[in-house]
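The following features are taken from Swiss-Prot:
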type    : residues                : note
BINDING : D18, N20, D22, K24, E29 : Ca(2+) 1 binding site
BINDING : D53, D55, D57, Y59, E64 : Ca(2+) 2 binding site
DOMAIN  : 5-40                    : domain 'EF-hand 1'
DOMAIN  : 43-75                   : domain 'EF-hand 2'
Amino acid sequence: MADATEKAEHDRIFKKFDANGDGKISASELGDALKNLGSVTHDDIKRMMAEIDTDGDGYISYQEFSDFASANRGLMKDVAKIF
């Protein structure tokens, strides 16, 4: 479970990825955000969406993002440095 600092960091990063502010991250938004991390392919985006979008609705909800972030703390620390 995320502590208050970790939750605040998840909130901040989620808002960076959720460019249109609709409360969910689309594949397009994910791709745009990941371009900041370097070269990313369409297949990379599809693979990440499949992993993080656990309910399969085509979007990453805040809960799905938070669950992924909590399970991948090292990766999220790296992402936080960039965003």
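The backbone N, Cα and C atoms fix where each Cβ goes, glycine too.
Predicted, not measured: the structure shown is a model, and the values here were computed from it.
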Between E64 (Ca(2+) 2 binding site) and N20 (Ca(2+) 1 binding site), what is the CA-CA distance rounded to a whole number of Å?
18
Between D57 (Ca(2+) 2 binding site) and K24 (Ca(2+) 1 binding site), find the distance joining the two CA atoms and give it rounded to the nearest Å.
11
With a radius of 8 angstroms around the mean position of the C-beta atoms of D18, N20, D22, K24, E29, what other residues of the same chain does the Ca(2+) 1 site pick up?
F17, A19, G21, G23, I25, S26, Y59
Summary of DSSP states over the domain 'EF-hand 2' (43-75), given as helix, strand and coil counts:
23 helix, 3 strand, 7 coil
So how many other Cβ atoms are close to E64 (Ca(2+) 2 binding site), meaning within 10 Å of its Cβ?
18
Using an 8 Å cut-off from the Cβ centroid of D53, D55, D57, Y59, E64, can you name the remaining same-chain residues around the Ca(2+) 2 site, in sequence order?
K24, I52, T54, G56, G58, I60, S61
Counting other Cβ atoms within 10 Å, pick out the least crowded of the binding-site residues D18, D55.
D55
Specify the nearest of the binding-site residues D53, D55, Y59 to N20 (Ca(2+) 1 binding site), where nearness means the distance between Cα atoms.
Y59
Specify the nearest of the binding-site residues D18, D22, K24, E29 to D55 (Ca(2+) 2 binding site), where nearness means the distance between Cα atoms.
K24
Packing count at D57 (Ca(2+) 2 binding site) (other Cβ atoms within 10 Å of its Cβ):
10
Between the Cα atoms of Y59 (Ca(2+) 2 binding site) and E29 (Ca(2+) 1 binding site), find the distance and write it as a whole number of Å.
10
Using other CB atoms within 10 angstroms as the count, which residue among the binding-site residues D22, E29, D53 scores least?
D22
